[in-house]
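Q: Questions regarding the structure given below will be posed in turn.
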Amino acid sequence: MNIILKISGKFFDEDNVNNLIVLRESIRELTYNGFRVGIVTGGGSTARRYIKLAREIGIGEAYLDLLGIWASRLNAYLVMFSLQDLAYMHVPQSLEEFIQDWSHGKVVVTGGFQPGQSTAAVAALVAEASSSKTLVVATNVDGVYEKDPRVYTDVKLIPHLTTQDLRKILEGSQSVQAGTYELLDPLAIKIVERSKIRVVVMNYRKLNRIINILKGEEVSSIIEPT
């Protein structure tokens, strides 16, 4: 079974080597259990810091996007090197390169591809290209909520929802500025819908239980395409 794992840039912001160790062992466990895994990394605070500085001196959005892409690729290299023999030793810079690297039978790790496109959209595209029926979005909360649980304490996790439900939740909260993409953007939603890809949103601090989460035995949110 093929799956794509989208790792939030916030994973890298914690500067916690244990995160990388747990990720490596989780990928090893998935591989042992018959999964083919692709990984897409976000840019995190590295991307935001460079984008902020560049925006303040008047650099245009397309160039800011490039800074974010390069930051996400730096994170991809970190993950790729940490996986050692599990990974194919190349970070693809386009969908075509991803497809070629995927054919080698190892874990492929990538960051962003092109300006105007979030790493969530990249994750949806590579899920589609690799015939993966599940896209796992690993972020710093347990799943999807009606409002941001880091801001509001009275919100409940939504264990099951559709892409249409997700659109309503995200309505008005999405920005197209470089460095501001969250969860799934409209393009990512369209891609998972057209290829009927299930999305599992989970906490990256629970990667060591990812197989249980994929089985529905742990807390997460499952988004079904409509």
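For all residues, glycine too, the Cβ spot is worked out from N, Cα and C.
It should be emphasised that the depicted structure is a prediction, and the values quoted were computed from it without experimental measurement.
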Q: Going by Swiss-Prot, Gly43, Phe113, Gln114, Pro115, Gly116, Gln117, Ser118, Thr119 bind UMP; tell me which of Asp65, Asp142 is listed for that site too.
A: Asp65
Q: Give the three-state DSSP assignment (helix, strand or coil) for Gln117 (UMP binding site).
A: coil
Q: An 8 Å radius from the center of the Gly43, Asp65, Phe113, Gln114, Pro115, Gly116, Gln117, Ser118, Thr119 Cβ atoms defines the neighbourhood of the UMP site; name the other residues of that chain inside it, in order.
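A: Residues close to the UMP site, other than Gly43, Asp65, Phe113, Gln114, Pro115, Gly116, Gln117, Ser118, Thr119: Gly68, Ile69, Gly112, Ala121, Val122.
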Q: Rounded to a whole number, what is the top Cα to Cα distance in Å among the residues the record ties to ATP, namely Lys6, Ile7, Ser8, Gly9, Lys10, Gly44, Arg48, Thr139, Asn140, Tyr145, Asp148?
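A: Max span of the ATP binding residues, Cα based, is 24 Å.
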Q: With the cut-off set at 10 Å between Cβ atoms, which of these binding-site residues ends up with the most neighbours? Options: Lys6, Lys10, Arg48.
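A: That would be Lys6, with the most Cβ atoms nearby.
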